[in-house]
């Protein structure tokens, strides 16, 4: 299809817009010819794949043997990833090693205080603490049972009260309907009597 011929049939001329204030140049599609944004760094060689080299090294160090019906594997030497170049790696390049953190536990005061303590003392303290926790949990569970019991009674009572109130409301509604019906009967009788012709 000839797009320029099609546009000329509507009166278009090259270098002019279709409408007043329109674009004079067509919108062109830009083609991407570089590899930016696709995970490749410029100047980086993709043939240097450390994971492939490490995997191959591990395979080379395995000795596979068959004895009878079973297969055995034996690893000769430990292989580590020694091929990481810290100067070229973007992660390691900017890393600055800081000062080590001092520990707070190994103070002289704490060492002196714990010098007389033994493992048995620590065990006794642990057992005492466990007993306290057990006693507290028993008290809590007893309290919870009492609370649950009260709650059950309360909910049962509330349900009963709700049922009674509902039944009473229904009775009142029935009575009201009955009275309204009787009142309407009486009023219609009176109305008929008043309209009837007197002789």
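The backbone N, Cα and C atoms fix where each Cβ goes, and this holds for glycine too.
Where the annotation comes from TrEMBL, it is an automatic prediction and has not been curated.
When Cβ-Cβ distances below 8 Å are used as the criterion, the compositional bias 'Basic residues' (149-178) is approached by no residue of the same chain that is at least six residues removed from its ends. Under the heading compositional bias 'Basic residues', TrEMBL lists 149-178 (among others).
The compositional bias 'Basic residues' annotation in TrEMBL covers 187-199 (among others).
Annotation source TrEMBL lists region 'Disordered' at 130-199.
With DSSP states grouped into helix (H, G, I), strand (E, B) and coil, the compositional bias 'Basic residues' (149-178) comes out at 30 helix, 0 strand, 0 coil.
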